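J.: Not my notes, these are from Swiss-Prot:
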- 502: active site, proton acceptor (ACT_SITE)
- 10-13, 24, 75, 81-82, 201, 216, 230, 367, 472, 490, 505, 516: UDP-N-acetyl-alpha-D-glucosamine binding site (BINDING)
- 165, 367: Mg(2+) binding site (BINDING)
- 519, 525, 526, 562: acetyl-CoA binding site (BINDING)
- 1-369: region 'Pyrophosphorylase' (REGION)
- 370-390: region 'Linker' (REGION)
- 391-595: region 'N-acetyltransferase' (REGION)
């Protein structure tokens, strides 16, 4: 059965607090960008469609290259906020497009949208078609300048909303949210309780425990003590979500700082409305249908005194009053927040459920480098615990870092101070460390790697690496071979049971099996312009202090003497010496006067 779930991942935040030229959601934790962690979790839910809303083209490029089945949609630079981000995805939820081959449309302003053929007064709950249940049974139209992309075609009935900068949401929680029926509700959000909720949106409930609204931290009154916070994760009925976002966008446009205060002409027929002369700059219209602090936007503080006055002056639902935007200066970008729909639903008698979790540290977003480090530490602890339960011995979890992309086998031993990253794979019985750094490499069975750095290389079964060896990209170390202390190897093949024990540089070389490279050998592979290859055949024994000037070839079973400089090829089984006659001067030190 095809899934009825669509997933929208919001990745359009500017991330200014990261103080980085890299988009926030592309910052790595445990080997992957934050957005990749979110996408990996989302894909496990097997949705019929996944959409990422982006602003920076680098985010789009990464997703196109890494997750080709994910649709990417550009969020306009003209309007900000999570509400508009989700709104941007609605047409593509309803389209027949699957995967990012569908052309992205960057909407430059809200003027590009034709949001049903109705007036701005539809932001009044009294006239809202959410009250008309029959109107929600069929499809709705959303148009862009490029034409109708929906055409009343069937579309996913539920939308799960995730954030690209919240990478640690447990899959079990998402699974519960998706599988739990909405019943009589139009959606459900995930909440958690914090001892110090400062900086997070608070969940306000009515006397019956129903969620009434989400209040931004800056709008919390001193007497309000609320420690239940909104995590941002939520699931909504697609039709209700679309309808609410349509109306809220209209209100947002109508009440932006560049618009005049709502006049009588803007109000619903036969409804009272406060006129312009009663308004002040940057005022909005708000419904006065409830006695509690329910407004269209949780950006604005509405005191009990204002509502008591509203209750006395306006007794029937759908009437409007002007209010002063007491925090307008704090919201200079005029964001359209997704959280506004919670109050909007409540004002229309529609319920939003909640799932409350105690895993608060897994649901808080990353906004700066401090939170980035904290999040990576949490994820690293999870990764280490998982591998320990799988059968990997990790002697010092506190000093070990393992990327989420690393693969380990049973009975691997990891000693203190190790960093394993990228697409590294380590086979059974390997001993890693102490103080080894391995990235994007294969480490075979029963291999020993101690105090070494290995990058993009392959180490076959039984090899011994280190201490203090540096294995660079493109290197293959054969079975049961040895690379010893202070050896650097680059772009070379070392055959089975060969040894490079100490103090050597091997570059661009092919070394056969059962070869012994003497101490202090240098493969001079660079002529100032080009790199050249050195070939050492099976069974060769080289003396200490040799220099091989590439290109050069040494035949099978040949020997070289200590201190030799090999510039010409050596035939099989030969001995090659660079012989300089030794001259000894008797009593030289005495004659020099050294005493």
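Each residue, glycine too, has its Cβ placed from N, Cα and C.
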J.: Tell me, how many other CB atoms lie within 10 A of the CB of residue 562 (acetyl-CoA binding site), whichever protein chain they belong to?
T.: 14
J.: Looking only at C-alpha atoms, tell me how far residue 526 (acetyl-CoA binding site) is from residue 472 (UDP-N-acetyl-alpha-D-glucosamine binding site), rounded to the nearest Å.
T.: 16
J.: Mean pLDDT, the region 'Linker' (370-390)?
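T.: When the pLDDT values over the region 'Linker' (370-390) are averaged, the result is 97.
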J.: CB neighbours of residue 519 (acetyl-CoA binding site) within 10 A?
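T.: Its Cβ shell of radius 10 Å holds 19 other Cβ atoms.
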J.: Give me the DSSP three-state residue breakdown of the region 'Linker' (370-390), ordered helix, strand, coil.
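T.: Per-class counts: 21 helix, 0 strand, 0 coil.
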J.: Between residue 230 (UDP-N-acetyl-alpha-D-glucosamine binding site) and residue 525 (acetyl-CoA binding site), what is the CA-CA distance rounded to a whole number of Å?
T.: 61
J.: By the DSSP assignment reduced to helix, strand and coil, which category contains residue 562 (acetyl-CoA binding site)?
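T.: Where residue 562 (acetyl-CoA binding site) sits, the three-state DSSP reduction gives coil.
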J.: Does anything in the same chain, at least 6 positions from residue 165 (Mg(2+) binding site), have a Cβ under 8 Å from its Cβ, and if so what?
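T.: For residue 165 (Mg(2+) binding site), the qualifying residues are 11, 13, 15, 24, 25, 34, 365, 366, 367.
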J.: On the three-state reduction of DSSP, what should I expect for residue 81 (UDP-N-acetyl-alpha-D-glucosamine binding site)?
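T.: Once the DSSP labels are grouped into three classes, residue 81 (UDP-N-acetyl-alpha-D-glucosamine binding site) ends up as coil.
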J.: According to DSSP, folded down to helix, strand and coil, what is the residue listed as 'active site, proton acceptor'?
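T.: For the residue listed as 'active site, proton acceptor' - judged by DSSP and reduced to three states - the answer is strand.
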J.: Can you tell me whether DSSP puts residue 24 (UDP-N-acetyl-alpha-D-glucosamine binding site) in helix, strand or coil?
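T.: Reduced to three states, the DSSP call for residue 24 (UDP-N-acetyl-alpha-D-glucosamine binding site) is helix.
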